[in-house]
């Protein structure tokens, strides 16, 4: 059923061709209208004052003023849900991670003939993300400071020791900025491994893992097929691969594979969480954080049935209360906590689990 009031979107891109593609995609949905366009950051700032759009799609690389600088100004003066439009390149990935830290809600891949994603799938993703962004509570719309890296966090790569306990974390929309807060607070001596699924395309997960590694006392890396899961390390599922944990020669080992998408995504958290529950049993903590959809809910059930401990982010601090809500509705969540308590709750849960 169409909304009573259309979602008004401003499209910002220096390419007239790209603005046309995005306009056509957005206006193919009856609930969305493109209220205005801008060719660069300066024009975007001028138009956001007068047009007051509900959502902005913002290119990163533009002349005069780039997307990051425009984002910082908009979030500080005219807080509006912003979705970054990012090239699927390493530079694009790194800039996008910065944008999410500064306050962008989400990002979409820039449509092009070279990207390996069909147009219908891309259309559905863009429209879904714009609709979710339009619902984001105003309290989340603000310029955030990027974390300054402490010299004390320069850490030696720990010698590998196979983990006997594990924390399985699922996150999607709003996840990157929220996970940074969690990882910043976790101790370096966790005596457990972390397995993390954050819905992101290839390349972006590597940049995100590197960013987490820089702000965390734990060692964080993008997972590789066949590597042993070690304690005090965190493994981020790479974009476009499902990640599971299996036992190989008695050691927990990463398995990556390109199976069918689950809940429309790859990587998906459910197969990862179920596999962690199988390998680690009651020595598992499951965590579901902000994101749209219901990925992670089945994983929470699997972990609880094996005797593990389960945690979900609360509604008030979730940028999108979809995945945590689905997890909570299973009736299998032990602790529903705000974002700033997730790290402490993980540590507390691990204290209850045998080493």
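In case you wondered, yes, glycine gets a Cβ from its N, Cα and C as well.
In Swiss-Prot this protein carries:
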ACT_SITE  172  active site
ACT_SITE  199  active site
ACT_SITE  295  active site
DOMAIN    8-125  domain 'Response regulatory'
DOMAIN    160-353  domain 'CheB-type methylesterase'
MOD_RES   59  4-aspartylphosphate
If I take the alpha carbons of residue 172 (active site) and residue 199 (active site), what is the distance between them in whole Å?
5
Mean pLDDT for the domain 'CheB-type methylesterase' (160-353), as a whole number?
97
Looking only at Cβ atoms, how many others are within 10 Å of the one on the residue listed as '4-aspartylphosphate'?
26
If you count Cβ atoms within 10 Å of the Cβ of residue 172 (active site), leaving out that atom itself, what do you get?
28
Neighbour-count leader, CB within 10 A, active-site residues: 199, 295:
295
For a three-state summary based on DSSP, what are the helix, strand and coil counts in the domain 'Response regulatory' (8-125)?
53 helix, 26 strand, 39 coil
Rounded to the nearest Å, what's the C-alpha distance separating residue 295 (active site) and residue 199 (active site)? Just drop the number here, would you?
10
Give the distance between the Cα atoms of residue 59 (4-aspartylphosphate) and residue 199 (active site), rounded to the nearest whole Å.
20
